[in-house]
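Beneath this line is the structure, given in structure tokens, with notes to follow.
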Amino acid sequence: MSAAGSGRGGRLESLDVCRGVMLVVSVVVNAWFTAPEWFEHAAWTGVHPVDLVFPAFVTLSGAGMAIAFARRVPVARQVRRVLVLTAAGLAFAVAGQVLGTGAVDVATLRFTGVLQLYAFLVLALGLVAVVVRRWWHWLAAAAVVAGAQAWLLASWASSCPGGALTKACNPSGVVDAAVFGPHMYVMGRLGHDPEGFVAAAGALVTALVGAAAGRLMWEHRRGMGAAVFGRAVLVVGVATVVVVRASVVVVEPFKRLWTVPFGWGIGGAVAVTLLVVHVLLDGRVAPLGERVARYPLIALGRNSLLVAASVPTQRQRDGEVAHHFRRIVPGHRPTPRPQRLTQCRTQARDPHRARQQRPSRVRHRRHPRGVDSDTRVQPATLTHLRSALRILRISTSAIDILAGQGHFSRTGVTHPREISGLGVSVSSSAWSRSGRRRR
């Protein structure tokens with residue numbers, strides 16, 4: 001039985017379904033390349049739709065880890081997961097640097113990241129699990145960490161101009177810069193690190209709220225009465241409302257520093273949703289049609305760790321992506337293709353402007369219909385694109401192996417393994433893709 005299972009009734013499929021739904025949402029969100037500004041990550045304060053994805057995964061991961069700790073996972077296995085997640089995160093950072101610059105610069109290699117943040121959460125929740133025994137203990141631990149972070153941010157904001165946290169005045173710009181130096185987010189140019197120590201404290205609050213929900217699911221499966229469970233769910237919801245309303249007075253909700261109203265608000269909402277789905281799905285025999293409908297989500301939820309962790313990375317590294325994009329495409333942000341076509345048609349109707357742009361005795365070919373006529377891409381772009389494809393093919397298999405999500409067969413084909421939560425346990429029934437030797 002995996003980490004998401006219980007002693008009575010088998011695996012808690014509600015956790016897998018919620019993880020699968022969030023994985024689909026994250027893929028759809030990141031596939032929208034022309035998303036409006038209000039949809040993308042907030043530049044500083046405020047909460048935009050994309051900001052909700054990663055904290056939701058952290059909440060669900062906290063629930064999975066609490067269930068695993070209830071099953072008494074060996075300490076050695078937890079230490080190994082911390083090391084593997086850290087190594088995988090650094091490997092992603094190296095791959096991203098090679099994609100952008102074509103080389104590895106250890107002096108500016110980013111040490112923080114999504115997988116490193118997960119490693120910190122595994123370690124922190126493992127330490128908390130030593131002293132907590134009940135679901136409300138996890139909630140109390142979340143309240144302690146939330147109070148400490150809210151006090152830090154509020155006291156720091158009182159010394160800032162206008163009494164508000166800014167990119168130029170915030171604890172991350174001092175604490176994370178002192179610890180990581182040029183190895184922090186965009187080498188510290190933006191004045192904060194969304195996966196640094198300050199933000200990690202907020203992420204820990206979110207994970208602890210999720211852990212409270214996971215432990216509550218575990219206790220409910222092992223015999224907690226329906227009335228007691230209902231009151232516990234109500235306590236989680238009321239605590240979320242109280243903490244958010246109290247903390248929003250001293251600090252704004254935003255993701256860049258993972259503030260308390262942001263972290264607990266999303267964590268509490270996801271936790272209550274998970275508990276409701278648990279009541280609806282777990283502990284009953286579902287009809288065949290329902291089992292078939294939920295199977296794709298369960299399959300995604302049981303194998304979602306690295307996909308969930310790597311997807312938000314692409315949007316959180318916005319400063320680095322913009323920097324690398326300027327290297328290969330001058331102008332930073334190309335004009336949208338419909339606007340360029342309109343400009344081309346306008347210029348074609350202006351003979352005087354056309355003569356200015358086209359020297360005499362030079363014959364120009366007309367661009368075929370449907371072909372983008374923007375010629376600002378430099379020849380070096382092709383080299384970067386080819387290297388990107390090679391690195392992506394290599395790193396995908398390598399990271400799967402590092403995270404314990406796959407193994408090599410005799411034919412050299414990578415076979416994924418089923419994982420739960422943050423790789424808390426590996427199912428004995430591993431599925432694999434069959435491969436044949438090349439002749």
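In case you wondered, yes, glycine gets a Cβ from its N, Cα and C as well.
Nobody curates TrEMBL annotations by hand; they come from automatic prediction.
As annotated by TrEMBL, compositional bias 'Basic residues' applies to 354-368. For 11-150, the entry in TrEMBL reads domain 'Heparan-alpha-glucosaminide N-acetyltransferase catalytic'. According to TrEMBL, the region 'Disordered' annotation covers 329-379. Annotation source TrEMBL lists transmembrane segment at 12-32, 52-70, 82-103, 115-132, 139-157, 197-216, 228-250, 262-281.
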Per Cβ pairs under 8 Å, the stretch of 82-103, 115-132, 197-216 packing most closely against the transmembrane segment (139-157): 197-216
DSSP residue counts for the domain 'Heparan-alpha-glucosaminide N-acetyltransferase catalytic' (11-150), split into helix, strand and coil: 102 helix, 2 strand, 36 coil
Same-chain residue ranges lying at least 6 outside the transmembrane segment (197-216) that approach it to Cβ under 8 Å: 15, 55, 58-67, 70, 117, 120-121, 124-125, 128, 134-136, 138-139, 141-142, 145-146, 148-149, 152-153, 170-172, 175-176, 179, 224, 229, 232-233, 236, 240, 256-260, 262-264, 266-268, 270-272, 274-275
Arithmetic mean of per-residue pLDDT over the domain 'Heparan-alpha-glucosaminide N-acetyltransferase catalytic' (11-150): 91
